[in-house]
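Student: Dumping the structure here so I can ask a few things about it.
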């Protein structure tokens, strides 16, 4: 009560913050008349002037007003668009490193240019993050006109670029790209062996478009670069063959927690099946030898009971492709881990791909927290404001709309069954289609979108085939004639290639579009259709300029006329009076785009995104959700009392209940799910932070090693530390000489250092101490390495040391990641022993890291003490080639298998190879003669070190 009164008199915290920007908005507006008078060259010259002021000590905040005014003027001259005052406020929020929540159609893409330009003046590179390659290309080309006009360079990172192209794009002042590409480039950079091969610069400032989708919806999905392990496809197929022999009493499914477990009867049945197939070791399924078998059975059960085709994944080109649960988009290249993807492949009877070993991984949560400054834009973030601040320290600022929202959001209609619900949706579509009001129907999955499509087909509607040219001609013709077309379009992961086109034309009179959650985020639905989309498509084959101009005028006339038709597509509804009240009255419901939701999502934010497709920039619109008690949210999380309440009300088939109380009950169910998902993500982050801290140490160490011309001091320190540990283990401090394990020490020195030292004789000397013994061993080891340097030369030795150190570090880090994954899978069991799993994980992970560090010292020392380069007769020592690997993030395949790493650029022709200079050898086949001139095959000479 008191809080509400305070807000009434003083405004909310959000209102006060927005008002605080007004003085700077006024200052920017005051500069406009002055900038209008400048020539293009004078306006462009302001960029160099701003950079000079920064160099002289001014801050970016000092330059905000003149820089924003400059961008606004440049946008007017290049795009014909002028930033509104509210867009200037959005730009300030982004510059301050927070999230600007702006409604659909308010020009988020244009808003970003303000903060991007200002921060790009620092010369450290600004990253703009989009959700797909199409938007990255579109926005970089579109907004790049502004930056280019002002003398700044723009790059774009999309799938399929090589390292040279990526490096060029990252070197630009502004770089557009997808979250996946940025993350994978970071991981790949930290698998390189030379600094000059790395493509990214240090992480300075990023603006994330659709920030809620990337930082919340995808937060649980780690980016993983992996390599294949042994092929066990037959085993997966064998296990999958058992599943049809189980019935529902053999396992328990918990949809809420998304878990499935075998019952006692199920265990006995599986044991019998495994024994008959010769796959059971020992007597019981739960004997230690069968741990992996149990794991595979559990994954097969999950694949069959918790994952649904066309909802969680689709089968395309004989491959199982994951569907993003929030966007509805396909995620080619992404694979479920821990054998689940292989279980799905066996279930669908497609080729089972080998399991993968993680080579490097990071979550978006930890990747984006590396930036000095992070900001974001979205139309819907307020419901997740707490999470965004808690994890990323980003505040959500709601930016006022330029024009007030004129959309009517109606109460939900709730039916008993899905069949009744779909019948009601069909009836609503038919009424809207009769008055030519465009309809966008949102569904939760491909499966549901195709069920609805079949409903429409069975009632005389035809699906538009976007594979044909001029696919929308019949829709346009019907709209011109003022008649319903009875045509509909489907937008889901199967048709994602035509996504932008389908969405852009969803505002044409009489258009019916069925969309999964993806709903074409990033593409506006303009009433009457999109001029920008139609003109290039419909004039592509016209060469005659006069004819092209006539066609463009016809399209413009179409779009304007169509817009008028849609605006007038209002519905007049007669409200039945209550008994004894006044006569019936009529209510006019607005035209514009009509959003129909076919079910509620777990997250209110996803529902708000769907509603937000309508009512852009002050346009009228409507939205309504049609629900049934058989929907997933209602069935899994809804209250059982709701069903009994509807039964008591005596609802007849086809009748709906409509009441604000229902909306509130649903919102509470959604809040419960959101809170649960937040807890899951927060807990995931706590565990991932442990690995992330270790990842930072390893990756920073790699960069430092690559920066150093020589790592001789590092490997010497490692050698001494290893010898210290070895001597301390066998010759305890303050122990008598008789208690020393001299034989064990001598054996270890021979095994690791390849040195046969008279340790037993030294131990017999009168008065010798452990410290003296340590010094003698270290001196002998140092002399051994000094002899190698003298033999091969310091340059060759420095190269060998660095290569062995980096390759060994990478190998052990990969093994360490596997250990951490295994630890994470079982650490939850510690909770049964009244121990905190997180604290236990931290302790165990630290111990594993310490062990890895000790193993690194031993492995590097052992390899360097043993490594030999056999020189050709009467020739100087030469450098052994080393193998490098670059693993593709999508396939996990090694793209550079057996590629030779050399000190210089490879020669293009074998004739240019200098036997004395390995840098000139280039790529060598393992069965070729060795270029050194020894007469041996490369694999038996220098190639054996690869």
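Note that Cβ sites are derived from N, Cα and C of the backbone, with glycine treated the same way.
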Student: With the ranges 883-904, 905-926 to choose from, which does Swiss-Prot describe as region 'Disordered'?
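Tutor: Per Swiss-Prot, the stretch marked region 'Disordered' is 905-926.
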Student: Would you count the other CB atoms within 10 A of the CB of residue 109 (ATP binding site), including those on all shown protein chains?
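Tutor: I get 17 for this one.
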Student: Enumerate same-chain residues with a sequence separation of six or more from residue 105 (ATP binding site) and a Cβ-Cβ distance below 8 A; give 'none' if the list is empty.
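Tutor: In sequence order, the residues whose Cβ lies under 8 Å from that of residue 105 (ATP binding site) (at least 6 apart) are 524, 616, 617, 619.
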Student: Which ones are near residue 930 (Zn(2+) binding site): of the binding-site residues 87, 106, 107, 109, which have a Cα within 10 Å?
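Tutor: Hits: none.
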Student: Tell me the Cα distance separating residue 932 (Zn(2+) binding site) from residue 109 (ATP binding site), rounded to the nearest angstrom.
Tutor: 58
Student: Please report the Cα separation of residue 932 (Zn(2+) binding site) and residue 106 (ATP binding site) in Å, rounded to an integer.
Tutor: 67
Student: Within 10 Å of the Cβ of residue 108 (ATP binding site), how many other Cβ atoms are there?
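Tutor: I get 24 for this one.
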Student: Among 87, 105, 106, 107, 108, 109, 524, recorded ATP binders, what is the largest CA to CA distance in Å?
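Tutor: Value for the max Cα separation, rounded to a whole number: 17 Å.
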Student: Enumerate the residues of the same chain, 87, 105, 106, 107, 108, 109, 524 excluded, that satisfy the criterion Cβ within 8 A of the mean position of the Cβ atoms of the recorded ATP site; list them in sequence order.
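Tutor: Near the ATP site, the remaining chain residues are 102, 104, 110, 111.
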